[in-house]
Amino acid sequence: MLRTHYSSEITEELNGKKVKVAGWVQEVKDLGGIKFIWIRDREGIVQVTAPKKKVPQEIFKLIPKLNSEDVIVVEGIVNFTPKAKLGFEIIPEKLEVISKAKTPLPLDPTGKVKAELDTRLDNRFMDLRNPRVMSIFKIRSSVFRATREFFYKEGFIEIHTPKIIATATEGGTELFPLKYFENDAFLAQSPQLYKQMMMSTGLDKVFEIGPIFRAEEHNTTRHLNEAWSIDAEMAFIESEEEVMDLLERLILYVINYVRENNEKELKILEFELNEPKKPFPRITYDEALEILSDLGKEIPWGEDIDTEGEKLLGKYMLENEGAELYFIYRYPSEAKPFYIMKYEDKPEVCKAFDLEYRGVEISSGGQREHRHDILVEQIREKGLNPESFEFYLRAFEYGMPPHGGFGLGAERLIMRMLDIGNIREVILFPRDRRRLVP
């Protein structure tokens, strides 16, 4: 390797010893008889100090020729001293320029000179050199790692379902069509039907982390056309509340994992991530509509709670319940997909829920209808043709246990967890209504 240590690995035990560091030139300072380089790597900053009388002359002459963002390797002796900004410095014995950076730069990776979001996204490779931006993606990595840890500890089996499909998952029109040889196909908007089919196999508890594609023309700060979904499904449940319990445990596990393992990144972001109030409050759809009515927002029964309503409800729950996260459940059947089970004694209401995070829906789930004949009827009620779902329905004809699950939007979880205003900030190369490159 060209480096022996990251910046964060240089400790007092290395004082007086030789190391090799590598990274990008963040700053060069020339004070005549002494020159400085600050090198940035993934873990932080290293100060290189070059006194004219202590370093080879070729190094001393090379330093002023360095540009910001040149990639260099420095080999030298570690010197811990209170005179150094970071508490230590490296006295160089060798300096190699690996790659020169063009000037001017498309944006300032230190963030001192602000850039518009579009400029940043057009130059994402350089945007991530900003420690704040990099911290977001280190935390994103932790979210996915913690998610997998949680599911394995809970006895779940990871699956991978097709992303090229022949049938709309929920019968909607928000699909990206594509040509699949001589057939018409679509990009998958959800693994819903496939994870339900897995409940007929005996795997019992499955999860998937993968991309979903939705051809929604929304151009908002919380919508993406390609996003990552965390999906789970489990068999032999008695009610949707067991699924809500599972989702609550997952969210708490992920947040606490980030709090424990990403202290440095949270500090860079200047953000204090608190453990949510638990248990998460649970309010029915009817109760949510009553609260909104008291706040002057009327929503006809049976309709989805719109963005304004979600925001009002989020503010109310925070101020009155101290809750950032809360469930809304027992939705009108007409507002939810065909595969959600209805209440026997009140079929106009179904066993569905949403999880809201400060006024933004981050997850939907519920108990599924596992009885074949009723499921077929519910497909018809939505104006869909059961023949289009034959591959899915077959799994319900040969022994299907009661089951339920959820889909959790990874980007929405991360943006709300870190209180980031635009969902495009938490995905590397966002795909939205207007952005297809890079």
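From the backbone N, Cα and C atoms, a Cβ is placed for every residue, glycine too.
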ATP site partner of ARG214, ALA215, GLU216, ARG222, HIS223, LEU224, GLY409, ALA410, GLU411, ARG412 (as recorded in Swiss-Prot), chosen from GLU265, GLU270, GLU272, GLU361: GLU361
Residues flagged as region 'Aspartate' in Swiss-Prot, choosing from 192-195, 376-379, 396-399, 420-423: 192-195
ARG214 (L-aspartate binding site) versus ARG412 (ATP binding site) - Cα distance in angstrom: 15
Those recorded positions listed as LYS85, GLU361, ARG368, ALA410, ARG412, and which of them has the most Cβ atoms within 10 Å of its own Cβ: ARG368
Distance in Å spanning the most remote Cα pair of ARG214, ALA215, GLU216, ARG222, HIS223, LEU224, GLU361, GLY409, ALA410, GLU411, ARG412, given for ATP: 18
Around the Cβ of ARG214 (L-aspartate binding site), the count of other Cβ atoms that are within 10 Å: 18
Within the predicted model, mean pLDDT of the region 'Aspartate' (192-195): 97
